[in-house]
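These notes are about the structure you will find just below.
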Amino acid sequence: MDNSESVRVAVNIRPLITTELLHGCTDCITVVPGEPQVHIGSHAFTYDYVYGGAGSPSSAIFDDCVAPLVDALFHGYNATVLAYGQTGSGKTYTMGTNYTGEGSNGGIIPKVMETMFKRVEATKHSTEILIRVSFIEIFKEEVFDLLDSNSATLSKAEGAPFSKPTAPGRLPIQIRETVNGGITLAGVTEAEVRTKEEMASYLSRGSLSRATGSTNMNSQSSRSHAIFTITLEQKKIASCPNGVNDDISDDILCAKLHLVDLAGSERAKRTGADGMRFKEGIHINKGLLALGNVISALGDEKKRKEGGHVPYRDSKLTRLLQASCVSPADTNAEETLNTLKYANRARNIQNKAVINRDPMAAQLQRMRSQIEQLQAELLFYRGDGQAPFDELQILKHKVSLLEASNSELQRELQERRLTSEQLAQRALDAQVEKDKLIMQIESVRNGKSWEEVDSNQNQDLNLMKNYVLKIQELEGELIRLKSVNSSKRSRFSDCVDSDDDGTSKNSLFSSENGYLSSGILAK
Ligand SMILES: Nc1ncnc2c1ncn2[C@@H]1O[C@H](COP(=O)(O)OP(=O)(O)OP(=O)(O)O)[C@@H](O)[C@H]1O
């Protein structure tokens, strides 16, 4: 490993997955053949490595990027491999964080295990080696021990396949700073492992306990930042002076390799996050934002030379970056561009990062956290600066369309009401005419002359007209009530329908033996 550089960035472009193909997505990233350069829209970025797409095969990631770090680990250097990318872009897949120990998985962590134990085997005659692993997750700004057997037991007892973050018994662990500025996790499980299989079993046990959830973007979305740490301690065997590793004198060499699978950056409207997922999303973005700020501060050469402040304390994640993953689907172009910019900044980071402390740190820290919280919420809510304005315009347009359609419907309703009243009137007139004729025929049948019938008819007709007016009045009132309140109308109709009295049940428009006829015949 070259001591002068600590951060190298690899971009891994995964193939389009089935759901993206079904949605008709196409690749939005192009790789310049033979160059570690990618193009997205009008933007071009150069990295240390580009895999997938027209770049090198993804299977080469381990050999190019991670194998040198494993080698460095055996020489006593700490190293970190970190996967950053949008949710669903393939971080867990690339890191192999969910490796169960069965079959072959091309992920980085399984390959690290394999390489390490091969090396242990090769050096076992000259070097005493102790390997420990820890596995933690940062979920909603709290650190949890994924290897804590208490929480694993609890989740099993509850019948849940995973120890969900809300499971009772999961207590967060405290981050402590050592006197020389290092960071330790109080009480975290550090399991000693002697074989690859043993290490894999801790990885899979921790992965099963990790907080995952389903979002619109990924059915198995990691909701936490997971850090699998391998600690390697080496001591030369006294009876074997010429060991394989020349770095080991009589001292103990101790180094750590952090393998970090970050939670995906996300936007609420893309992931369909609400409630719990929404709060998780804010925490995820907050953590990533803090990490981005560290990257910016470290990557800014001028600031670095001036000894500018690096906000390490805002990020519990890492000070070293090595890898980055992106999704190639055009629907994700905006997020992919952000990832590429993020990774590009990381590339500017030079080694020899220093933790700064000053008396104002606590106060500044609080203020920065507040700003970041607000920025994260803003970012999560709207995705970008243009979105709210566009959304507002679209919503306004929708409202005006709905208002126009509403007044059109109201106008139609009014017209139909008038037509219906006119039809009612005509039906009434016809009914009156019919009853008049029936009466006349009845009278003639009873032996009355036409003159007599006519004069009686006039009296009856007056009475009938009074009845008709009364009926019209009642009918008008009924129509008015119906139009005032539709719910009242239905209750009113129910009430009328449920009445056993035939006079009420029959409407004036349909009655053969209805109100008018009954009234007249009862006279
Ligand atoms: N290189 C690849 N080849 C084929 N399929 C892949 C590849 N990388 C990822 N996938 C698939 O893409 C989907 C999303 O991958 P993964 O869960 O690793 O994403 P992620 O970035 O970890 O998401 P999150 O941040 O939401 O946890 C999975 O179905 C995975 O199998």
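Think of each number as a place in line: the chain as shown, counted from 1.
Each Cβ is built from the backbone N, Cα and C atoms, and glycine gets one as well.
Copied over from TrEMBL, here are the features:
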type    : residues                                               : note
DOMAIN  : 6-349                                                  : domain 'Kinesin motor'
BINDING : Gly85, Gln86, Thr87, Gly88, Ser89, Gly90, Lys91, Thr92 : ATP binding site
COILED  : 357-426                                                : coiled coil
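Gly88, Thr92 are the binding-site residues among Gln86, Gly88, Thr92 whose C-beta comes within less than 6 Å of an atom of ligand 1, given in sequence order.
When averaged over the domain 'Kinesin motor' (6-349), pLDDT in the model lands at 74. Ser89 (ATP binding site) counts 28 other C-beta atoms within 10 Å of its own C-beta, drawing on all protein chains shown. Within 10 Å of the C-beta of Gly88 (ATP binding site) we count 27 further C-beta atoms, all protein chains included. DSSP assigns Gln86 (ATP binding site) to a strand in the three-state reduction. Under the DSSP three-state reduction, Lys91 (ATP binding site) is assigned to helix. Around the Cβ of Lys91 (ATP binding site), a 10 Å sphere holds 27 further Cβ atoms from the protein chains shown.
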